[in-house]
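A.B. asks: Quick paste of what TrEMBL says about this protein:
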DOMAIN    6-387  domain 'Glycoside hydrolase family 42 N-terminal'
BINDING   103, 141, 320  substrate binding site
BINDING   107  Zn(2+) binding site
ACT_SITE  142  active site, proton donor
ACT_SITE  312  active site, nucleophile
DOMAIN    398-589  domain 'Beta-galactosidase trimerisation'
């Protein structure tokens, strides 16, 4: 459990560096990230390196015993490189090249940029790869941010054609996979194929799905090239990348396969402002962040590599959201402990000192621009001291899993069949439902081992293959499938046996009609004489399976065949919680109602509790101990923005012994 900070020595007078490093160590920090945007300072002209300032910065930090996370600076190619190779710039979906002047201004498919990226990465690795202060590397910065996951440049078009030729081998296979007989789209050769942009109306959805796959693969290969160089010249150092929360335009598992650490940048309040929560929820959690946002992303990224961490933790107001509220006192401490409770190796705050110039002047740091301390420093210092009390929490395998499948997310973004919902929004709602019942959740890909779970949830996993269904059956778990599950083949076609495709082998059924509905329309559901509701999506299903709930017209709303379940609508929260409680009861999973603001997380034999609200909560409601001496952190009555932790006795279920 390490604490860190993002630092930019190139922004400040060198006379400040030693005092900054001393204050970092006094605060209890262990790690300092540097260099991710420093290419023009490292190499101000082609082949002209100015290492001396970076040498001195590293030595100053090392002298205080701080470990350095050194970054490849490839997220910001310098102006001279853009002028030498303007073809490295990304092109938007309208066919226009982007310009120099911000960041992430490169195309992953540019051969020239791939060469330059490898060159600067090798230069850094050769110089600092064996330095004792360098304990970790970060590749680039926030892949895909600002819409740069896709580029429609000439280089990208050529790379896409090569990718298609490897995937399909023959143009006839491509025509079949894309259904090009529709709208007279047949191709005679791969050379005729363009990226799916700038069309008169919607492009071919299978073509677009393949372009998403291709774009993700390009990022994966770009990352792997840097990783290979770093491993060659800096052996024994761990390598990370910092992803963006709730960003699903690239396959984090594929990228993470070559990394040691999957990190992400956690900005709970900024992303609440930009997200799809209701206005009431945004108002309620304005200064706290949504209680399931950070945790959801923790559980996504901890499955992507062997280890995970938070590379950028929000310490105050950000500058990029629609509304930029300040965290309530205590929330930075809470977010830090919540990350550790989910198994984070480190939490690093962004940034050490607020910038007084350029694009992020209003983005808070741990220090003000004049180097005065902010109140957040006391929270960081408290976490540092509390670490000794708790030690490193163990990583605990949950009993509930949610399957998050990137191709399915892409397919439904391409053909959403409605504007009010998304598979990601549904996954978050399911995650929140589980957390409101006190359940820990793993968020896993289709290929994960499922043998230890008691409940596996499929949130509209539209591209579901037969092999996956076989593993669901063999897991022995209860499976809850949501609408649209199994509704597409890997090419994005409707299956021959209609939706839910191969899932019908587990639960005999067929979706005949589906409709997307506006959010103000409620779908009535009758369940054991109780009235519930759904919204946004409804399916008309025929099945010989047992109907546990029906719509107002008598058609099945909740189907069951042994341990296999299917909901034919998006459930509103009371309906969802009822379904989850019933399945958990059958699987002997303990549920504890946590309400709106309280969240729990078990880490080995330590139970954590987090209060995302402003009012105090008596933890007796979740069976917490009464005596204050039993608490490692906090007390039974937990104040707003509070954290509590206590030891529990572990009783392993049969499937996990």
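These residue numbers are counts, starting from 1, taken along the chain as shown.
Every residue gets a Cβ built from N, Cα and C, even glycine.
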A.B. asks: Relative to the Cβ position of residue 107 (Zn(2+) binding site), how many further Cβ atoms are located within 10 Å?
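C.D. replies: Cβ-Cβ neighbours of residue 107 (Zn(2+) binding site) within 10 Å number 27.
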A.B. asks: Which residue, of the recorded positions 103, 141, 142, 312, 320, has its CB surrounded by the fewest other CB atoms within 10 A?
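C.D. replies: Comparing Cβ neighbours within 10 Å for the recorded positions 103, 141, 142, 312, 320, 320 has the fewest.
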A.B. asks: Distance between the residue listed as 'active site, proton donor' and residue 320 (substrate binding site) at the Cα atoms, whole Å?
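C.D. replies: Between the Cα atoms of the residue listed as 'active site, proton donor' and residue 320 (substrate binding site), the distance comes to 15 Å.
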A.B. asks: How many Å separate the two farthest-apart Cα atoms among the substrate-binding residues 103, 141, 320?
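C.D. replies: Site span for substrate, by Cα atoms: 17 Å.
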A.B. asks: List the residues in the vicinity of the substrate site, defined as same-chain residues other than 103, 141, 320 with C-beta within 8 angstroms of the site's C-beta centre.
C.D. replies: 75, 102, 104, 142, 145, 146
A.B. asks: Tell me whether residue 312 (active site, nucleophile) sits in a helix, a strand or coil according to DSSP.
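C.D. replies: Once the DSSP labels are grouped into three classes, residue 312 (active site, nucleophile) ends up as strand.
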A.B. asks: If you average pLDDT over the domain 'Beta-galactosidase trimerisation' (398-589), what do you get?
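C.D. replies: Result for the domain 'Beta-galactosidase trimerisation' (398-589): average pLDDT 97.
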A.B. asks: Taking the Cα atoms as reference points, how far is residue 107 (Zn(2+) binding site) from the residue listed as 'active site, nucleophile' in Å?
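C.D. replies: Roughly 24 Å, rounded to the nearest whole number.
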